[in-house]
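Feature annotations, reproduced from TrEMBL:
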type	residues	note
REGION	A:1-20	region 'Disordered'
COMPBIAS	A:10-20	compositional bias 'Low complexity'
TRANSMEM	A:31-51	transmembrane segment
TRANSMEM	A:63-86	transmembrane segment
TRANSMEM	A:93-111	transmembrane segment
TRANSMEM	A:117-137	transmembrane segment
TRANSMEM	A:144-168	transmembrane segment
TRANSMEM	A:188-207	transmembrane segment
TRANSMEM	A:238-257	transmembrane segment
TRANSMEM	A:269-285	transmembrane segment
TRANSMEM	A:292-309	transmembrane segment
TRANSMEM	A:321-340	transmembrane segment
Amino acid sequence: MAMAPDTRSPAPGAAGKAEPPLTAGLRAKSLALRWDTAVVALLIAVFLVGLGTTDGFSGGGNLAFAFNDISEVALIALPMTLLVVAGEIDLSVGSMLGFSSALAGALWNAGWAFETIVPIVLVVGILGGLLNGWLVTRVGLPSLAVTIGTLALYRGLASVVLGSDAITDFPSKYAAWTANTTTLPGTFLTYPIVLFIVLAIVTAFVLHSTSFGRSLFAIGAQEDAAFFAGIRVKRYKLLLFVLTGLLSAFAGIVFTLRYGSARADNGTGYELLVISAILLGGIDFDGGKGTLAGAVAGILLIGVLRNLLTLNDVPGEVQTVVTGLLLVASVLTPRIIGAVTERRQRRAASAAAATT
Amino acid sequence: MNQPETGGAPVLALRDVSKSFGAVRALRDVSLQLFPGEVHALAGENGAGKSTLIKTLAGVHRPDSGEVLLDGRPVTFAGPADARDAGIAVIYQEPTLFPDLSVAENIFMGRQPRRGLGRIDRAAVRSTTEDLLKRLGVALDPDRLARGLSIADQQIVEIAKALSFDARVLIMDEPTAALTGSETARLFSVVRALEAEGAAVLFISHRLEEIFRLCARVTTLRDGRFVSSEPLEGLTEDDLVRRMVGRDLGELYPKQKAKLGETALTVRRLTREGVFHDVSFEVKRGEIVALAGLVGAGRSEVAQAVFGVDRADAGDVEVAGRKLPKGSPTAAMEAGLALVPEDRRQRGLVMAMSIERNIGLTGLGKLGRGGLVRRALEHGRAADWAVRLQLKYNRLADPVGVLSGGNQQKVVLAKWLATLPAVLIVDEPTRGIDVGTKAEVHRLLSSLAADGLAVLMISSDLPEVLGMADRVLVMHEGRLTAEIPRAEATEESVMAAATGRERAAA
Amino acid sequence: MTTLTDKPTAATGEPGSARSLVDTVFRAREISIAGALVLLILCTWIANPRFLDSQGVKDLLLNASILVLLAIGQSVVVVTRNIDLSVGSVTGLSAFACGKFVADTEHGVLITLLLGVAIGLACGLVSGALVSFGRVPALVVTLGMLYIIQGLDYWWASGDQINAAQVPEAILHLGSGSVLGVPYLPLIAVVLLALTTYFLRGYRSGRELYAIGSNPEAARLAGTPMRRRVLGAYLFSGAVAGFAGALWLARFGTVVADNAHGYELTVVSAVVVGGVAITGGTGTAWGAALGALLVTTIGSALVVLKVSSFWQGAITGALLLAAISADRIVNLRMTAALRKRSARHGHGA
Amino acid sequence: GTTKNDAKNDAGGAAASSAKADPNAPLKKNLKMAFLPKQINNPYEKIVDDAGIAAAKSFHGTAKEVGPSDASASSQVSYINTLIQQQQDAILVAANDPNAVCGPLKQAMKQGIKVVSYDSDTAKDCRQIFINQASSEDIGRSLIQHIGKQIGYKGKIAILSATQNATNQNTWIDFMKQELKDPKYKNMKLVKVAYGDDDDQKSFQQTQGLLQAYPDLKGIISPTTVGIAAAARYLDDSSYKGKVVLNGLGTPNQMRKYVKDGTVEQFSLWNPENLGYLGAYAAAALASGQITGAQGDTFSAGKLGKFTVGKDGEVILGKPTVFDKTNIDQFHF
Ligand SMILES: Nc1ncnc2c1ncn2[C@@H]1O[C@H](COP(=O)(O)OP(=O)(O)OP(=O)(O)O)[C@@H](O)[C@H]1O
Ligand SMILES: Nc1ncnc2c1ncn2[C@@H]1O[C@H](COP(=O)(O)OP(=O)(O)OP(=O)(O)O)[C@@H](O)[C@H]1O
Ligand SMILES: [Mg+2]
Ligand SMILES: [Mg+2]
């Protein structure tokens, strides 16, 4: 039996500098093991496969179309990512999109100027977000429950304002902004997508480099601890719900212009699409984990994959299955990789222990 | 004290067990033997590997190498259920209750007595729980939900749970950390009874006097390595400390005499109905005021109401003469208040976040300009405080959840000290901290006070209260019952006030 | 020594009275839903007495039955702090498969029901295995399963439809027939509800489901066979969904691929309205069943009250929100009252 | 600002074809065409499209059916884009929304792809031809005429429609309302239009609700195959059987049981197979240059004979068939 050595060995790390360095190799390895990196890789792979195998994938404005086609989902997904990181969820986004579209249609039909309609609709989006946020932060209800309720409510309001009408003939000078034929000169980037890229960069910056973003991770991971650290948990959550409402309403306008049709059922089922896109990107539904890059990759992956499969006449139901499989893979793969490395590590550790 | 019979075989033993978590080698070739009818202490600094060891015994961790022996035969526990079935009862360091279930159900989960058709016999569950709680001398209602129990009550439920097993081996990881004297005494008498019945008990505590009071043998760990295993008889506290930390310790309660400055914290007629009433006191700069009392007296609630995480129904709080708005921790922090909460896992730390981010969390506004967070500043802040508090860690980017309990407590302290507060409220600052670190924490508090910090310290550790405080406030059932200056503070006077006997004493 | 108070306050409230208060608070969750339900039915009945004539009651019960079944199944999963979003798809698949199975042949009722249950079990097995053994977030996995099962169902059906005329009379009878004036479907739902409640309250494994939902880490340390229990919950929910699919066929006769499409959110809202916490650990099967009853009754009542179709959605949403908010606010009030009335009573001091 | 009135004038002109029709041009071989139904899983659409695909085979073309699995306005759009990329010769679309599909369809026409709408029309300038199953006016008015006769021109009636936005349904309902203005219906009153969203269960419950809300209801018209089947099923085992008249549009296979057991006396529908067949031929005629979609163009559609393009590029299949006990066994779709 070893007896006590009489000098205290400094605790590892206590000196601060003794911290084992993260080698480039190690960092690369831990990065490679993360799902969000895998999604980016998958996205690139799908893209390359598309270029190589499918005529018409890269040509004739198809890419512009493919990306433009997911612009509403993508726009909503940005604030939703923040919300999910903070441990909440908003299932009412599709309905808010529909409500915004219906309201825009009703006002347009009543002869209002489009320039007036847009701010009004955005304010309504903010109010919708406020209601969600208020019920969650002040009344203290779980967001899943609240937003299932507002999902029904907002969709219902949409049909109240517009009934069974479909309003058309929106001003072409605005509609052109959302068309997949109008792109940033020389690229396949349509304006909604350009806006998405700008907002995504801003969001990434906010989430990963600011104190606000840092707080969101803390709130999502352990709300109590964040609150005890003086973070304004409720206010931040409220803000996120408002942002989500705002962008959903904005997406409603984009949708209305893009399809030239305002209807109460626009965007039905979008909530699950948005959620799947960001979950696919490795944002943890339990909150506190994920990167915006992953979420963006998840969104784009869904868009590109869908386009590619449709081009190859893969029927919709198979695409649905593929989406489902990807979702399952998105959570299962990291777990399997983790389990395998852990097992390998354990074997290495016991081998090391055996030799000492 | 019982010595293990020399011929008796150990009921439970570890042979050359090693366990690593990634790069951290928590246990290296550790052996331990538990004999029937023996109370065995496990000692070591924070992070020495004590909890890891008992989790290995309990089947939570599987050893990388070496083996667990039950009655001399090697066994492999696939999970806690296997260990439980083998007659091993464990009280983990952190309470593991089901908040939505009643106390009785918590105690008997998965082992409820059954009636015909395999149905649970509710009446039996309830009455057995009542008996157990009576045995521990607490008047907890078996039907009350575990949610909202104070840490101490949670610990008592844990103890009741472990006792309900009638186990051959009882393992307790710092069961007394949250308890006060009387409850501890009651626990010890129960443990002695078990000992007499022939159970083997493994006991972990950072309070050395408890080890000496209760145990016959002690096994010491240091940095995951086995140091010694020997009878306590003939050992002094200093010997034990030397085994644990590898050197001699200085003075235990290094209280510096501080000059009292102007009033930093004023609490006036603070009331939260049903919890505490009409609490008024002041803390001056440079002063350490202890808030003592029995478990559940409402001390933590007062602290939380002062800091603003709970809303007080009446009364107000002033920091340096400025009144704080009600219910806003953010405003309290801006005014220079800091609260180290008692429940570090839920409230003190974001367990999944890295050490540096946890420490940075209280200073997000100061880690860069315009809402930006500069990682270098964040890392620097964390590294600085890690050194000052002698934190034991692998990498600052590791999640704080992998640290040992005591080291987690240091991170909470670091997180709050880094805000350079004017008034520091610490709720059980040294709970679960080893003697060495405890002395460091005390030295730190003391020197911070000497530099003009006002400290309000809530503690259930009476020696700590007496050793550190300039003034002792005592609470009993939600009211301040006494204010005792340092000179008059004795174990008797504080306990008298805490149990409501203070009138007789005064 | 300074004496700050002259006498310590006596603890108010006996442990007994406090307990019964606690009990009331938590029982109130179901009671308040039941109250809302009764109120809704009464109001509707006053406005239109036919709402409660024999045909009306029969319709009300029949409408709710399948949702009640699904809500019971879902509640068992939600109690373990998980969720099963695939129930709609499973019900749809099972309904279609059973329809295909019986179409133009003479298969018995029992075998058809068993087929439905088997299909549900298979789906539940996959979801449950992924959640419990793969230890992956339930929401993501079951959302994935929702898509996978739906896709397979569509692919298989490819636009096919089974008509009531093709379904054997015996099966249709199960959906519309009754014994002593009570239709079969609600009876089945009540039986399942009773069994589930009995199991959740009276058996170790039932209580363990609550333990897992309340604190998974503690449940692990307590040696609860978590994987088996969670898998069990999913198997149950899957089996119930499959069973509900077979009943769907019996009830509606006509089945296409997208039966019960989008039903998952209705089921989840029923469960939540019924007081089962989405965060696990609390709630009862009969609360969930009441929630389901309330949700369907709102729908039926609006039609009977001649509310414009355009308003129905909005009112349903508003009522859902009102129901969960009211429940929550009552609960908060009661807890606060409890705090004020019973200061520490449980301590040995 | 920009208001509706400004916008009215700026609607871009349709891609009016300058080409001239050549009625004698032969049908081209190897034409590629695609059916884009409202929803891929709709049994009725399936019958239409399968018949169309078979018809294409008969003139040595290839046709396929692609489409979304939900009947939402927007989901058809990405399929149209794909069909453009695939350079189909013709697209046949049953529009979920007359305007949402417009932009891409115009793009398709610009690239020389012929666009035929069937079953549910798009906006007029977004397609060359609309194959109408029967004139909308005929459908709407005849349903009222039938039910009027059945209930003796007296009592309350209700309509059980599909979704609130279904164009064809709403057009028919408008004609029904116009027909009701005729004095002979003065004792009949349309009390409610309910929406079952073409969802079987929802339609079922709506029927239930209608009957409770209006206990003295005499008749229900459900101009949708899903709705009428659900309503029939509800009536079949309710106490309302035999007391409430149900009429509308349904398929014989779905309704056979209820016609035979007396729940439903009669209902009507055109032959969906012929609809698909005609659609395929019309598309081929367009792609071969036989017609341009202008009023008065004529083309021959195989076994169905000659058809003439009417106003607004509309081609009408014919009058709907009325099914009852006497003839239902002759039809199997
Ligand atoms: N799950 C884990 N993952 C990674 N490291 C761990 C894990 N659990 C423990 N460790 C590390 O193992 C070492 C021993 O920890 P352990 O909890 O056993 O200490 P302890 O002796 O119980 O300390 P304390 O007195 O503070 O409770 C510590 O360095 C700790 O950080
Ligand atoms: N979150 C909570 N919800 C409900 N009741 C609580 C909660 N926290 C504490 N209590 C109750 O309030 C009373 C006062 O508890 P508090 O924690 O303030 O006591 P304390 O004097 O600080 O004792 P301890 O040493 O346990 O911290 C106790 O009866 C406790 O059970
Ligand atoms: Mg420990
Ligand atoms: Mg306390």
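Backbone N, Cα and C define each Cβ position, glycine as well.
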Handout entry: Region pair the transmembrane segment (A:321-340) / the transmembrane segment (A:269-285), three or more CB pairs under 8 Å
Key = yes
Problem - Which of A:31-51, A:63-86, A:117-137, A:188-207 contacts the transmembrane segment (A:238-257) most, counting Cβ pairs under 8 Å - result: A:117-137
Fill in the blank from the handout: Highest Cβ pair tally under 8 Å against the transmembrane segment (A:117-137), stretches A:31-51, A:63-86, A:144-168, A:292-309, lands on A:144-168
Problem - Stretch-level contact, the transmembrane segment (A:31-51) and the transmembrane segment (A:188-207), CB cutoff 8 A, at least 3 pairs - result: no
Completion exercise
Residues outside the transmembrane segment (A:63-86) whose C-beta sits under 8 Å from one of its C-beta atoms, at least 6 past its ends, are 57, 93, 97, 143, 178-181, 183, 188-190, 192-193, 195-196, 199-200, 203, 206-207, 213, 216-217, 219-220, 236-237, 240-241, 243-244, 246-248, 250-252, 254-255, 258, 267, 270, 273-275, 277-279, 281, 283-285, 287-290, 292, 295-296, 299-300, 302-304, 306-307
Handout entry: Contacting positions for the transmembrane segment (A:188-207) when only residues 6+ beyond its ends and CB under 8 Å are counted
Key = 61, 63-64, 67-68, 71-72, 74-75, 78-79, 81-82, 85, 177-180, 182, 213, 216, 254, 258, 291-293, 296
Practice task
State the residues, same chain only, that lie 6 or more residues beyond the ends of the transmembrane segment (A:93-111) and have a CB under 8 A from a CB inside it; answer 'none' if no residue qualifies.
Solution key: 72, 76, 80, 117-118, 120-121, 124-125, 128-129, 150-155, 157-159, 161-162, 165-167, 170, 244-245, 248-253, 255-256, 262-271, 273-274
